[in-house]
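Annotated features, as they stand in TrEMBL:
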DOMAIN    1-211  domain 'Protein kinase'
ACT_SITE  Asp77  active site, proton acceptor
DOMAIN    212-281  domain 'AGC-kinase C-terminal'
DOMAIN    302-542  domain 'Protein kinase'
BINDING   Ile308, Gly309, Ile310, Gly311, Ser312, Tyr313, Ser314, Val315, Cys316, Lys331  ATP binding site
ACT_SITE  Asp419  active site, proton acceptor
TRANSMEM  481-509  transmembrane segment
Amino acid sequence: MERDILAEVNHPFIVKLHYAFQTEGKLYLILDFLRGGDLFTRLSKEVMFTEEDVKFYLAELALALDHLHGLGIIYRDLKPENILLDEEGHIKITDFGLSKEAIDHDKRAYSFCGTIEYMAPEVVNRRGHTQSADWWSFGVLMFEMLTGSLPFQGKDRKETMALILKAKLGMPQFLSIEAQSLLRALFKRNPSNRLGAGFDGVEEIKRHPFFITIDWNKLYRKEIKPPFKPAVGRPEDTFHFDPEFTSRTPTDSPGVPPSANAHHLFRGFSFVASNLVQEPAQQDVHKITQLHGNNIHFTDGYEIKEDIGIGSYSVCKRCVHKATETEFAVKIIDKSKRDPSEEIEILLRYGQHPNIITLKDVYDDGKYVYLVMELMRGGELLDRILQQKCFSEREASAVLCTITRTVDYLHSQGVVHRDLKPSNILYMDESGNPDSIRICDFGFAKQLRAENGLLMTPCYTANFVAPEVLKRQGYDAACDIWSLGILLYTMLAGSLVYFMIIHVIIQLWQETCISKFMQKTNNHVLSLCYLCHLPCELQKRC
């Protein structure tokens, strides 16, 4: 049944079947590889989504369900785990193992199947269900994405089923009026009264005020930018494979045939997608990079060399890949001191930018995480400043232009670096060309999840931190702009002495003991206050 459904459907938001073939005991389905993971993974990390995010996912999902319903198919297993994300963030429905084919609107299916929390009442009571059961599950998914919890969930299966059949829905008041209205229209226990079950089908849902801002034609053509771009690397990367499976030896176990004529079990099930017949694949084979499990150690593939740099939570060393003898840099992070997951996610997602360091491989041995990156042979910007004493304005302008463009790109993607300083700006080679600059060390970097979100954690290097970070009252991407100013000052002046004084002043000002410090300073402090636009109160005290 699953193979037949996959061979029949063709939709941008449904996973595509490319091949199907069989052995004596098994059927093999070759499907799209969606590198963005699934909706469940994102939801488990963020607990709940904004209404704009939910609106986008539901709109694409509605188009996919409408396509299935138009073919007489009931999906019957709608849940976050079965909604995959491609590398751009668009959805694709997968897993049609519980789907039912060839059901007209006036016919019913009676199987008790699906994930209990997402089942419609008519599925639970086994009185027969149609495509409208999918719209109930659609509502459950909407509620879960908006609130981070399921609308009907008991301590066991029996209680959960009782809640689905009889419990009154508790509607969170923080939801918009439009969202509440759509949920109430979907959670109708009489399936004939449920939104989407009428003669107009999905058009009823598309006309609902919750979706008023959606351009359905652009959505179908994937011309609307997804709200979330998954962390994916290069096309050949397989970072999203579970280490539980990548650490195993790839074997197949066809099993014992159930009978003498078992070879007829999957007769006629072979399938090749039409586009593959017309355009045979002719792709180069690339080395696949994996996120390795505990059974494969970093030292199995690489030879560790000398230290390159030492930080508070990590050490960076030069390393050599044993098979190819290619040199890389490896950042070794102590997991007991810092969680590197955010840094890895940012590097995977944005490391393709020409001025951001590229993550090549990731190892995890349980205690340490090894981030293998390109080796920066040109050294740090700090080293060049110390060698030249200071930069000319032309040189500083070229360097700052490259860094600013890169920071602007990060900010446009909702990423704040929070640790911009000369030692984190490296050159790819010894040419000194500003185009070879790479921003490195995203250990303090953070992704802003909402458009107006503020950061609270005071992560910084003392001499480069913006005043609002020290206030601990919330700050945003503007803190990186302050750091850019200090970078420019450092390149032109070749020293941070004055800024070190300023930061001491800021810290003392926060502690309301400025008068004690002012007794030990001189009149030069006042001009520095004006230069850095420090608060008027502080200037008056100076």
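First residue shown is number 1, and so on along the chain.
Glycine is no exception: its Cβ is also placed from the backbone N, Cα and C atoms.
Along the domain 'Protein kinase' (1-211), the predicted structure has mean pLDDT 87. Sequence-distant neighbours of Ile308 (ATP binding site) (same chain, six or more apart, CB under 8 Å from its CB) are Cys316, Lys317, Arg318, Ala329, listed in sequence order. Neighbours of Cys316 (ATP binding site), defined as other CB atoms within 10 A of its CB across all chains, total 20.
Taking each Cβ in turn and tallying the other Cβ atoms within 10 Å, the top scorer among the binding-site residues Ser312, Ser314 is Ser314. Here the Cβ of Asp77 (active site, proton acceptor) has 21 other Cβ atoms within 10 Å, regardless of which shown protein chain they belong to. DSSP assigns Cys316 (ATP binding site) to a strand. Spanning the residues Ile308, Gly309, Ile310, Gly311, Ser312, Tyr313, Ser314, Val315, Cys316, Lys331 that the record associates with binding ATP, the maximal Cα-Cα distance equals 14 Å.
Restricting the recorded positions Asp77, Ile310, Ser312, Ser314 to those with a CA within 10 Å of the CA of Asp419 (active site, proton acceptor) leaves an empty set.
Sequence-distant neighbours of Ile310 (ATP binding site): residues of the same chain at least 6 apart with a C-beta under 8 Å from its C-beta are Cys316.
Other C-beta atoms found within 10 angstroms of the C-beta of Asp419 (active site, proton acceptor) number 22, with every protein chain shown included.
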